[in-house]
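**Q** First the structure, then my questions, so here it is.
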Amino acid sequence: MTSYSYRQSSAMSSFGGLGGGSVRFGPGVAFRAPSIHGGSGGRGVSVSSARFVSSSSSGGYGGGYGGVLTASDGLLAGNEKLTMQNLNDRLASYLDKVRALEAANGELEVKIRDWYQKQGPGPSRDYSHYYTTIQDLRDKILGATIENSRIVLQIDNARLAADDFRTKFETEQALRMSVEADINGLRRVLDELTLARADLEMQIEGLKEELAYLKKNHEEEISTLRGQVGGQVSVEVDSAPGTDLAKILSDMRSQYEVMAEQNRKDAEAWFTSRTEELNREVAGHTEQLQMSRSEVTDLRRTLQGLEIELQSQLSMKAALEDTLAETEARFGAQLAHIQALISGIEAQLGDVRADSERQNQEYQRLMDIKSRLEQEIATYRSLLEGQEDHYSNLSASKVL
């Protein structure tokens, strides 16, 4: 922080402003030149006014810079050369200090201008030759990202295909086990049908044996009856005609044969109808089972297709979400960096403005000091001109 001080000391003297201050001079006036100490760039500048001692002379220049000397003319005449020389030295010292202050002010202005030039925006550089490289790198990054996403998608598709094949294998294995179970069930049904057929065949064999047994008994009865008929004595009796045994036996044989044939046909018809009924039931159940299996297979395939499509969509969604998150993170970091740069530049701009305001205030203060010094120099000049006129009048009166 640049500090300026204006110090004034005197034993019995006072300086006033232009609006009505007073200046006192006395015999043996002693002046001390004002001193200016300036640091680098105008910092730490200290201005102290001249010191003079007066005992009995006073003058006022409240409005018209008029001055009255009350000291004895003899004392002034005796110290005329010394006083004038002292005043001239003090005036020269004031002028030198003013020039030094102006030089310091000029240096300060140059430094302020240099500082503004350094802090201001420099000449714009041509970065157009970097744009192609940046665009190529961005294209490569984008291509690598797309390739990575494609590879990830292929991996997911391969995983889904493997899961699909595993599911299909498990499904086919389950179907194979189901078919084997159905085959085992049909084998049990076939065994039951075989047992039923064997039972029916045994029944037919029993009926055939029974028919053979009946035929045998019938033949034995016929043989017995024939033997009985052959051993009888022919006795002619005048009676009613007897029954024809051969005809009776023939009728019985025909009846038994008809009954046996009817039983055989009934058994064959029952066996055939039962077999056909069982075959129809087996065919109906088999067809229904095949339809149910085909329907279940179609539903499973549809479910697998939907699951594969769902997994593909979920994988694509996850990949897109990852890409979106990566893009948001990258552009968020870039935005934060740009925002930090903007904040830093705004802070620097605020510092520059504050420093510029401070430099302007210091400049105004220096200009005020310069104007006051110029006013004091003008006052001294008017006083010196008044003293020279007075001394000239005194010298002329003495000569006369």
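Note: Cβ is positioned from N, Cα and C throughout, glycine not excepted.
Straight from Swiss-Prot, here's the annotation block:
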REGION    1-79  region 'Head'
MOD_RES   R7  omega-N-methylarginine
MOD_RES   R24  omega-N-methylarginine
MOD_RES   R32  omega-N-methylarginine
MOD_RES   R43  omega-N-methylarginine
MOD_RES   R51  omega-N-methylarginine
REGION    80-115  region 'Coil 1A'
REGION    116-133  region 'Linker 1'
REGION    134-225  region 'Coil 1B'
REGION    226-248  region 'Linker 12'
REGION    244-390  region 'Necessary for interaction with PNN'
REGION    249-387  region 'Coil 2'
SITE      A267  site 'Stutter'
MOD_RES   T323  phosphothreonine
SITE      T327  site 'Stutter'
REGION    388-400  region 'Rod-like helical tail'
**Q** How big is the gap, in Å, between the Cα of T327 (site 'Stutter') and that of A267 (site 'Stutter'), rounded to a whole number?
**A** 88
**Q** Would you say which of the recorded positions T323, T327 has the most Cβ atoms within 10 Å of its own Cβ?
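**A** By the 10 Å Cβ neighbour count, T323 comes out on top.
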**Q** Cβ-Cβ under 8 Å from A267 (site 'Stutter'), same chain, 6 or more residues apart: which ones?
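**A** For A267 (site 'Stutter'), the qualifying residues are L200, Q203, I204, L207.
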**Q** What are the DSSP helix, strand and coil residue counts for the region 'Coil 2' (249-387)?
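**A** Helix, strand, coil within the region 'Coil 2' (249-387): 139 helix, 0 strand, 0 coil.
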